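All remarks here apply to the structure that follows.
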Amino acid sequence: MIGFWTLFYKELLRFWKVAFQTVGAPVLTALLYLLIFGHVLDEHVQVHGVRYTTFLVPGLVMMQVLQNAFANSSSSLIQAKITGSIIFVLLPPIPYSAFFAAYVLAAVARGLMVGLGVLLATVWFTELKIVAPLWIFAFALFGGGLFAALGMIAGIWSEKFDQLAAFQNFLIMPLTMLSGVFYSIYTLPEFWQRLSHYNPVFYMIDGFRYGFFGVSDVAPEISLTVVVACFAVVFALTLSLLKRGWKLRA
Amino acid sequence: MVAAVSIIDVVKHFGSLKALAGVSLEIEQGGFFGLLGPNGAGKTTLISSLAGLLRPDSGSLKVMGHDVVKDFREARRLLGVVPQELVFDPFFNVRETLRIQSGYFGIRKNDDWIDEILENLDLTSKAEVNMRRLSGGMKRRVLVAQALVHKPPVIVLDEPTAGVDVELRQGLWQFVRRLNGEGHTIILTTHYLEEAEALCGRIALMKQGRVIALDTTANLMAAHPGGTLEDVFVRTMNQ
């Protein structure tokens with residue numbers, strides 16, 4: 001267990017030492033989204049019976065939880081691979097399950113920290129209430145865990161930074177931006193509404209938002225089932241790749 | 001007594017390239033063993049296989065009797081490897097790096113031993129310095145320190161003195177000799193044949209993924225009277 005705790009602590013320390021970049025920057029980005037979209041749309045748009053700015057905040061929080069969980073595990077692994085320092089975690093007797101847990105939990109911790117930062121920075125601009133905190137926590141945890149595990153796969157698969165950037169720009173970014181962070185899917189044409197139901201991130205955002213408003217596009221029980229099922233699949237896939245030493249132990 | 005390292009008929013391909021073509025050798029406990037050969041001979045592939053960084057296509061490798069695949073946790077606990085590449089984690093200082101490495105091997109409070117290693121490798125004054133700010137030679141010393149944090153009975157040094165100054169070489173060999181004297185098995189790969197001649201009790205010469213000579217340094221030298229290990233190396237490689 002000491003090996004696991006050390007790797008977990010090392011991963012926490014790694015992003016905390018550059019917190020200005022890993023926590024501060026995404027909080028600022030989310031704040032800018034809120035100020036710009038809020039300024040333009042707040043007077044004109046209401047969603048689920050609340051002002052647009054209020055509707056937007058939970059989506060921004062969850063989007064940053066997911067993107068930063070992904071960024072943490074993927075960037076840590078690819079940096080270690082490219083610099084060669086990955087050898088320091090491959091030589092010791094750390095079981096692959098502990099390796100997985102340390103990377104995922106540290107990435108989730110960064111996601112939650114950024115999410116909390118976004119919430120604290122944006123809460124002054126809205127009248128946000130928390131209706132069901134357990135739902136908020138559950139979606140943040142499983143959503144963050146899913147993206148952290150995806151980040152591990154991306155970090156292990158990528159051999160160059162541009163491959164990781166492609167993963168991020170062509171998969172993660174579209175999935176999060178087209179998930180209903182900035183809108184309710186019921187404002188979309190029917191085709192896009194249907195398509196949105198195939199996007200697992202939609203369920204994460206929608207379920208997370210339910211915790212704030214008690215209203216959502218899909219019942220939170222269904223959303224959580226989808227998110228947990230996706231997490232279980234990616235969890236099993238990542239563990240199996242680590243067990244085989246895929247791209248780490250040739 | 002069980003061998004420190006036992007390698008039996010190990011084969012490893014990289015695509016069509018046969019990097020290891022059935023390597024077998026045994027290294028006794030407490031020995032100072034030299035693994036020599038030209039670039040591309042398979043030395044680093046063999047060491048990486050021993051360390052579990054590569055998975056051989058066939059054959060078996062054991063560290064102190066523990067199979068590096070089936071019993072990898074125990075095998076890795078008993079092995080310390082100084083890698084050939086000058087790698088480091090830029091987020092941490094020297095002491096943090098060594099504490100973290102100790103933790104990976106399941107050791108929580110290791111500062112006494114860390115201080116001793118730092119002193120022996122002349123790194124005490126650099127303990128709180130970030131790895132990025134160290135010179136190449138200093139980084140090399142930290143790599144040696146990282147391989148020693150868990151006091152492994154078998155220590156592999158993969159070209160540890162490549163590109164480092166004379167002072168460090170002397171200090172490093174003094175420390176490694178002391179470890180060997182205390183019972184640690186040392187496996188050394190180097191292109192500095194005079195170092196191997198001075199330090200190693202037994203030597204294996206590798207060429208194109210095979211061991212082409214394996215004997216005590218004295219016997220290898222006796223086969224070519226009046227010559228240096230470099231002469232032995234050149235003649236053996238050209239046979």
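Glycine too: its Cβ is placed from the backbone N, Cα and C atoms.
Per TrEMBL, the feature transmembrane segment maps to A:15-37 (among others).
The domain 'ABC transmembrane type-2' feature in TrEMBL is assigned to A:17-245.
Residues or ranges marked as transmembrane segment by TrEMBL: A:49-70 (among others).
Feature annotation from TrEMBL assigns transmembrane segment to A:76-94 (among others). Tertiary proximity for the transmembrane segment (A:76-94) is limited to same-chain residues at least six positions away from its ends with a CB under 8 Å from its CB atoms, namely 3-4, 7, 11, 14-15, 103, 106-107, 151-152, 154-156, 158-161, 164, 248-249.
According to TrEMBL, the transmembrane segment annotation covers A:101-126 (among others).
Here TrEMBL flags A:132-157 (among others) as transmembrane segment.
According to TrEMBL, the transmembrane segment annotation covers A:164-186 (among others).
Taken from TrEMBL, the feature transmembrane segment applies to A:222-242 (among others). Same-chain residues lying 6 or more positions outside the transmembrane segment (A:222-242) and placing a CB less than 8 Å from one of its CB atoms are 96-97, 99-100, 135, 138-139, 142-143, 145-146, 149-150, 152-153, 156, 200, 203-204, 206-207, 210, 216, 248.
Counted as Cβ pairs under 8 Å, contacts with the transmembrane segment (A:49-70) are highest for A:101-126 among A:15-37, A:101-126, A:132-157, A:164-186. Beyond its flanks by at least six residues, the transmembrane segment (A:101-126) meets 4-5, 7-8, 11-12, 14-15, 22-24, 26-27, 30-31, 34-35, 38, 51, 53-54, 57, 60-62, 64-73, 76-77, 140-141, 144-145, 147-149, 151-152 of its own chain at Cβ-Cβ distances under 8 Å. Sequence-distant contacts of the transmembrane segment (A:132-157), counting only residues of its own chain at least 6 positions beyond either end whose CB sits under 8 Å from a CB of the stretch, comprise 58, 62, 65-67, 69-78, 81, 100, 103-105, 107-108, 111-112, 115, 163-164, 167-168, 172, 200-201, 204, 207-208, 210-212, 214, 220, 223-224, 227-228, 230-231, 234-235, 237-238, 241-242, 246-248.
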